[in-house]
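**Q** Take a look at what TrEMBL says about it:
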- 50-195: domain 'Pseudouridine synthase II N-terminal' (DOMAIN)
- 196-231: domain 'tRNA pseudouridylate synthase B C-terminal' (DOMAIN)
Amino acid sequence: GRAADKLFSLSGLFAVRKPKGPTSAAVLNLLKERLLAEAGVQTNGNKRNQVLKIGHGGTLDSAATGVLVVGIGKGTKMLGTMLAGSKKYTAVGMLGKATDTLDATGKVTEEKPYDQVTKGDLENVLQKFTGDIMQVPPLYSALKKDGERLSTLMKRGEAVEAKPARPVRVYSLSLQQFQPPLFTLDVECGGGFYVRSLVNDIGKELSTCATVQELTRTKQGPFTLEEHALHEDKWTIDEIARSLEHCTALLPAGPSRKKLKTEHPGETAVICE
């Protein structure tokens, strides 16, 4: 039908607002189901004559919310540039507690006093984490060992060695609010950066500990949460078509450097950091 034709002709990059709770992959699957259902495409048989190519340009943690860049059709080939590009986050950290996941979903592994920490202390420490810095990524992450995600291995109870520290870039880092034990940061960073690791490292640097309570990605590449990210009620063929037109103007011209990795043809292609 016409809806199916329109769906399979969609091509480019757009952004959705990821809600708190589901994984980025689950959000993508839900989006895909919605679109195929609206187009009236049967997905229960294996004999899919047309495969809807869809992928995202960088995992957001389950507990995190905000901009998730989505590629559809030929747009999936452009997702690599999104991974490498700059991103903005607003994070609420909590002093005095550490968890195994470095966020509020994990088990508390340590508690320390934090009353000695002043707003000035926190602001001074932020300078150490601005610019080109070395960062150890979290054990609970989408990074892989022997083809399996570290978070999957951790949940199975397997011993996982920490990945070595790697260079990451922080363009800007500022303290928005300080209401101990809570503090709010605005961060603009490059690819492969983990806000959870940042908050954990800040805690250690202040001789206490800290964990992420809330994390929102407010911008990825040219896509902002306020202006471009489609809320769940707008996950329709027409809204996405409109959004693709609006968003194409934001993107740099030219082919993408990174090729899309697909696990199995016909499966959702997901590119993760």
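Glycine residues also receive a Cβ, built from the backbone N, Cα and C atoms like all the rest.
Tell me about the setting of these features in this model.
**A** Counting only same-chain residues 6+ beyond the ends of the domain 'tRNA pseudouridylate synthase B C-terminal' (196-231), those with a CB under 8 A from a CB of the stretch are 13-18, 57-58, 60-61, 63-69, 81-82, 85-99, 101-104, 106, 110-114, 116-117, 121-122, 125-126, 128-129, 135-138, 170, 173, 182, 185, 187-188, 239-240, 243, 246-247, 250-251.
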**Q** Could you put numbers on the helix, strand and coil content of the domain 'tRNA pseudouridylate synthase B C-terminal' (196-231), residue by residue per DSSP?
**A** 10 helix, 15 strand, 11 coil
